[in-house]
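**Student:** As annotated in Swiss-Prot:
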{"type": "DOMAIN", "residues": "3-119", "note": "domain 'Response regulatory'"}
{"type": "MOD_RES", "residues": "54", "note": "4-aspartylphosphate"}
{"type": "DOMAIN", "residues": "143-208", "note": "domain 'HTH luxR-type'"}
{"type": "DNA_BIND", "residues": "167-186", "note": "DNA-binding region"}
């Protein structure tokens, strides 16, 4: 039996995935979490084989939660299930310790296949995302996102900023000083040739890394 933890801040999304999996032989949803912090705690105290993880959630978010789970509970396999398919996110997520990467638009059977694949020790990346990643290696000048130059930590902080989180919130959630968070911010601004959080969010929207609704919280 493959024990699965569902992690998403939208209850409706979790309910939908649970319905998909509840009749699948050999797969059991053993728990749910609505934020990265709870997902990390769940994996440390319960028997979990595979985590279906959302990227953008309140708190530390899916990227940092993936890193923490991969470090502390190496046997747990993580599949990032997200609307964000733009380079460089898939590669950064896999580097953080995920075993799989799927779009939330994936067919139910592909979700099942991904769970079984990562449980058996393989990696699973949706074919369209894998093609995009391969193309970026062949023709980087045509496919590379401006965000490809960001480090994993910079990318993580960028996603938190585009959700409207402030420096003090980010520093508390990531156990970094506000000064360190600001250093990452200004480094990002320099790399991306921008001058502030709103401009960062506009750029992220243009490249599919967040949606326009986030601007209302800026």
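Just so you know, the numbers here start at 1 and follow the chain as drawn.
Every residue, even glycine, has its Cβ placed from backbone N, Cα and C.
Help me picture these features in the structure, burial and contacts included.
**Tutor:** On the 0 to 100 pLDDT scale, the domain 'Response regulatory' (3-119) averages 91 in this prediction.
Sequence-distant neighbours of residue 54 (4-aspartylphosphate): residues of the same chain at least 6 apart with a C-beta under 8 Å from its C-beta are 7, 8, 9, 10, 13, 62, 80, 81, 82. In the three-state DSSP assignment, the secondary structure recorded for residue 54 (4-aspartylphosphate) is coil.
Assigned with DSSP, the residues of the DNA-binding region (167-186) fall into helix, strand and coil as follows: 17 helix, 0 strand, 3 coil.
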**Student:** As a quick check of your reading of DSSP, tell me how many residues in the domain 'Response regulatory' (3-119) are helical, how many are strand and how many are coil.
**Tutor:** 53 helix, 26 strand, 38 coil
